[in-house]
Amino acid sequence: MFNSAVRGKLIDGDKSFSQISKEILAPIHAKTPLWWYAAMLVSLGMFGFGLYCKYITISTGIGTWGVNNSVAWGWAIINFVWWIGIGHAGTAFSIFLLILRQKWRTAINRAAEAMTVVAVFCASLFPLLHMGRPWLFFFIFPYPNTRGPLWVNFNSPLFWDFVAISAYLLISASFWYFGMVPDFATIRDTAKSKIKKAVYGFFAFGWTGSSREWLRFEGLSFVLGGIAAVLVVSVHSIVSTDFAVSVQAGWHTTIFPPYFVIGAIFSGFAMVLTLVITMRGLYNMNDFITDRHVDAVCRILIFISLIMGTAYMTEIFIAWYSASEYETYMFFKNRLFGDYAFQFWAMFTANAVIPQLFWFKGVRKRMWIVFIISIIINIGMWFERFNIVVTTLSRDYLPAAWANYSPTYVEVGFFIGTLGMFLAGVLLFFRYIPMIAISELKSVAKFDKPNNGQLKAKSHE
Amino acid sequence: MSKKYILGVFDDEATLVDAFEKLKDKGVMPVEVYTPYPVHEILEGMPIKTRITHAAFFYGLFAALGILGFLTYAAVIDWPLRYGGKPFNAFPSFIVVTIVATILSITLLTLFTFSARAKVFPGKKAEIFHERATDDKFVMVFDKDGIANDSESLKAILTEHGKIE
């Protein structure tokens, strides 16, 4: 375990407690910058285009998409899994680093959890519209009705998925929100304007920071942290069973649950990196999210990238070793050298090869390179989902049913719309919510302080 | 606030804990301590405890049993249907929904418990003793009536590192 002596200072610049609150809250109290409006306009434009495409999808039908009888899961499922994967890192970040007692998480977890909530929300739109008749989505709830099979099929991974995604959305949102309550109280007590005091005062739920509140707050974090760790692993395992429970070559493998969970955390950590580097650039948070924080995330990414590479190689090896005609065809003829070979090699290069550059200190130190690599990983993970969904469906057991797939502008627009929604959510987060968990950061700030040598310095945990 | 209070205000955690422990040895307990982040010596030292983790365990236990019972009732008793040649009571595939829905129940119920017990809920007006207790001050609140006898030694200990307001 790293302790603070190994890890070094967690906050640069020898700040007092009030300086910490002041600097983190500066963007909230400051005037909204011009670029913020510009960026908001762009993302709302993307969001609007997405709404238009959703309107076409609902009013005309799924026929406006490029999906067909063979490739029935096109962009909707690719992007659903992609967003859910990104959404995984927020909770994974807070929870696993909490369990591993990594104190450097405190500067990043708020942003990661914000990303989770918005990404899971984007993800949930895809299966909803893919249902074809989204206004009947409540059919998936198990409630007494007169429709024939009276209850839903509890053996179906698609139902598990519905339960998992809705639970995940609710839990990650409440975990995020309750973490923010003490910080909203700080805003309430430091704000000058009456409106801010009232609004943040309402969201602070009357928090005062008394020992009675903190004691129960700690108990709550302990409970939520413990069970959310189970949830993170199980949600993406369930997403993988959507594929693995079917009897399709390339999907019907036991490696899928761990492979999906690791892939999700990989893409999510890359997105966290994209986000915190943006925060550093735009809001000058370098003292809180130091170069060492970015360095630590990069090191984690090397490790996960190696696991990803191993998973890809394992799949290929097992396809050969199983001597199954269909598995061998799927990997050696179709994925590696078939119609979608580009997507396969793009995935392999972006996820397993390029992140290995993080072995070099010079790369980890240069923020713009780290930023570019984090974007490349996200693109690579998108190609991974494309590769899994489309190659398998386009070449199934019956050559007469083989069909290729390309998206229509409606599907592309839908995806662009969720990107716009994500950006708008992140911008709102930058503007109105403390980007860094202030109270958690203060609790690690004392490691920097020598206490003037007069009192015993106790460390917690 | 009809009562009179003495506030001990400190600049950092170490001095607060030091004063808290000295006072505790003398048998003087603050009514409440306000800090910008959780200070474990205070949380352990104050005469309060929480059973929220125990409550969560029982929520989980009953939620798991309830959900599993519901799935079995719906799929076995109320309207049995064969899916993919599985038995009506396809127990292993019920486990997945049970785990996830149990986690959801624990989270929501524990949140409501926290909200009720810590009295942190929407629309509550904060009772603020010291404006900067959520920012950078560590505040101990004493009831003036309760400590009439020890008030001199109390003041001495408080002013050693902090100040009285």
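Cβ atoms are placed via backbone N, Cα and C, with glycine included.
Annotated features in TrEMBL:
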TRANSMEM  A:34-52  transmembrane segment
TRANSMEM  A:72-100  transmembrane segment
TRANSMEM  A:112-138  transmembrane segment
TRANSMEM  A:158-178  transmembrane segment
TRANSMEM  A:220-239  transmembrane segment
TRANSMEM  A:259-279  transmembrane segment
TRANSMEM  A:300-322  transmembrane segment
TRANSMEM  A:342-360  transmembrane segment
TRANSMEM  A:367-383  transmembrane segment
TRANSMEM  A:412-433  transmembrane segment
CB contact flag for the transmembrane segment (A:412-433) and the transmembrane segment (A:72-100), at least three pairs under 8 A: yes
Stretch contact, the transmembrane segment (A:72-100) with the transmembrane segment (A:300-322), Cβ-Cβ under 8 Å, 3+ pairs: no
Any contact, the transmembrane segment (A:259-279) to the transmembrane segment (A:158-178), with at least 3 Cβ pairs under 8 A: no
